[in-house]
Amino acid sequence: MTKQHLWFYKNGSIVVEGNVVTGNISRNNSTPVGIYTLKFKQKDATLKGDGYSTHVNFWMPFNGGIGIHDANWRSDFGGKIYLIRGSHGCVNAPQYLASIIFNNIDVGTPVICFYE
């Protein structure tokens, strides 16, 4: 996740890729490393945690309350944002990226999270 970039493949071919923001390292909210599977997908979800309740258009959880979703409150993605202004652990994606993934991903699809 050091690259802060997501690549989505289906049937061995790249469907879409783009910059993302993962878990906030400085607050110990790192996105967990591992191999997971997509649990379900939901449109118009409300994500809740300590001190926040946020609407997202596309919610794709892969590890409990951690998943891929759009983050319309962000204007920038990628780079070093995750080191200080990262997420609560989720993979924040631009609207277009989350939408394309949502419309092409199937429940059970592997999700691989790693740092280089």
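Placement of Cβ uses the backbone N, Cα and C atoms for every residue, glycine included.
Straight from TrEMBL, the features:
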- 1-114: domain 'L,D-TPase catalytic' (DOMAIN)
- His69: active site, proton donor/acceptor (ACT_SITE)
- Cys90: active site, nucleophile (ACT_SITE)
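Comparing the residue listed as 'active site, proton donor/acceptor' with Cys90 (active site, nucleophile), their Cα atoms are 7 Å apart once rounded. The DSSP secondary structure for Cys90 (active site, nucleophile) is coil.
Across the domain 'L,D-TPase catalytic' (1-114), DSSP assigns 18 helix, 52 strand, 44 coil.
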